[in-house]
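A quick write-up on the structure given underneath.
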Amino acid sequence: MVEAQSWTTRRSSNPRLETSVDIPITPTGEVRYGTSNNIFAALSVTSIVSPTILTTLIIASWYLSNIGVLLLNKYLLSYYGFRYPIFLTMLHMISCTFYSLIAIRWFQIVPFQQILSRKQFFKILALSAIFCFSVVCGNTSLRYLPVSFNQAIGATTPFFTAIFAFLITCKKESAEVYLALMPVVFGIVLASNSEPLFHLFGFLMCVGSTAGRALKSVVQGLLLTSDSEKLHSMNLLLYMAPMAAAILLPFTLYIEGNVFAKTLEKAKDDSFMVFLLIGNATVAYLVNLTNFLVTKHTSALTLQVLGNAKAAVAAVVSVLIFRNPVTVMGISGFAVTIMGVVLYSEARKRSKVTVH
């Protein structure tokens, strides 16, 4: 009997309850289609580029895609006048569906997995609803808040993850882990009080987005627990994206009006908007693809460390591009939050070593 494959997964920069899952046996691309159809097998990148350079390029692509989608969202929603965050999120989900099909069924970057039961389908649907809430809140917050402050709030994800893990699973962390979360919260309080462009509704939306990401990571660990239900991150995205698009459709029509007609009308007068929307939706998928590639070529822990640094880099780049005002107190608050996230990561790592 062939042993089940073990994949290290990473769906986002948020800490998860489990980072290693056992996936049931799935025929590889070579078995299903033959080696001639596997493009990645036929064109071995590592034979052309050294592993070090390849890893560096992948990490750089991850940074560019993550920061790029943030800046593009901010530009579209705040500066360009495209005031439809729900519709924009739906475009992202449609893009992820389309590109996921190409990546998995054609390029075969991971083995394709099927939904095996109605129960599993509804579990993924529940995750899609939480995912929709998180992404819509995040995009909406960018209409009102600068990217720098948005990233500072987003860095508090570990705080919400610890709360939801305790409330839902009664999972308790060590005292050291909880103490490490104090500077995370204190830094945000400090940054909020001194943010020149503070907007209450935008702040609440950003907090909602951060809490939604944390809730998804906890619920995901609970719902897809059995070996037959666990899905690789890229396969999960393949199923979640179209479900999320279907959930968002009635909301964008009800809240944002006849957004399709409005978008087409604007596109006729301004063809650059079409380029922006397509580029934005494409980069949104690349965020997920590069997340997987960074984890594959490094580790989930490396991705978490890079995620902490990414928030700071995104904040600096956004200030340089959009020229939003910052204060010394705000920068200090952001720095304290990032320091708290680093301390939290180290405390959790030590806690796991002690337990094992």
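Each Cβ is built from the backbone N, Cα and C atoms, and glycine gets one as well.
What TrEMBL records for 39-64 (among others) is transmembrane segment.
Per TrEMBL, the feature domain 'Sugar phosphate transporter' maps to 56-345.
Non-local neighbours of the transmembrane segment (84-104) in the same chain are 73, 76-77, 110, 112, 132, 135-136, 139-140, 142-143, 234-235, 237-238, 241-242, 244-245, 248-249, 251-252, 255-256, 259, 262-263, 277, 280-282, 284-285, 288-289; each lies 6+ residues outside the stretch with a CB under 8 Å from one of its CB atoms. Sequence annotations record features per position, and here TrEMBL assigns transmembrane segment to 84-104 (among others).
According to TrEMBL, the transmembrane segment annotation covers 124-142 (among others). Residues of the same chain lying 6 or more positions beyond the ends of the transmembrane segment (124-142) and with a Cβ under 8 Å from any Cβ of it are 70, 73-74, 77-78, 85-86, 88-89, 92-93, 115, 150, 153-154, 202-203, 205-206, 208-213, 215-216, 219-220, 223-224, 231, 236, 239-240, 243-244, 247-248, 251.
Positions annotated as transmembrane segment by TrEMBL: 148-168 (among others). Here the transmembrane segment (148-168) has long-range neighbours at 13-15, 17, 70, 138, 141-142, 177-178, 181, 184-185, 187-188, 191-192, 195, 197-198, 203, 206-207, 209-211, 213-215, 217-219, 222, 308, 311-312, 314-316, 318-319, 324, 326, 330, 333-334, 337-338, 341, 344-345, meaning same-chain residues at least 6 beyond its ends whose C-beta is under 8 angstroms from one of its own.
Taken from TrEMBL, the feature transmembrane segment applies to 175-191 (among others). Within the chain carrying the transmembrane segment (175-191), a Cβ under 8 angstroms from the stretch's Cβ atoms is held by residues 149, 152-153, 155-156, 158-159, 162, 329-330, 332-341, 343-344, 346-348, 350-351, all 6 or more beyond its ends.
What TrEMBL lists as transmembrane segment is 197-215 (among others). Same-chain residues lying 6+ beyond the ends of the transmembrane segment (197-215) with a Cβ under 8 Å from its Cβ atoms: 12, 14, 130-131, 133-138, 140-146, 149-150, 153-154, 156-161, 163-164, 324-325.
According to TrEMBL, the feature transmembrane segment maps to 236-255 (among others). Residues 11, 84, 86-87, 89-90, 93-94, 96-97, 100-101, 104, 115, 124-125, 127-129, 131-132, 135-136, 224, 288 of the same chain sit 6 or more residues outside the transmembrane segment (236-255) yet have a Cβ under 8 Å from a Cβ within it.
The transmembrane segment annotation in TrEMBL covers 275-294 (among others). Counting same-chain residues at least six beyond the ends of the transmembrane segment (275-294), those with a Cβ under 8 angstroms from any Cβ of the stretch are 10-13, 58-59, 61-62, 65-66, 68-69, 72-73, 75-76, 80, 82, 88, 91-92, 94-96, 99-100, 103, 109-110, 233-234, 237, 263, 302-303, 306.
The feature transmembrane segment is assigned by TrEMBL to 301-322 (among others).
Residues annotated as transmembrane segment in TrEMBL: 328-345 (among others).
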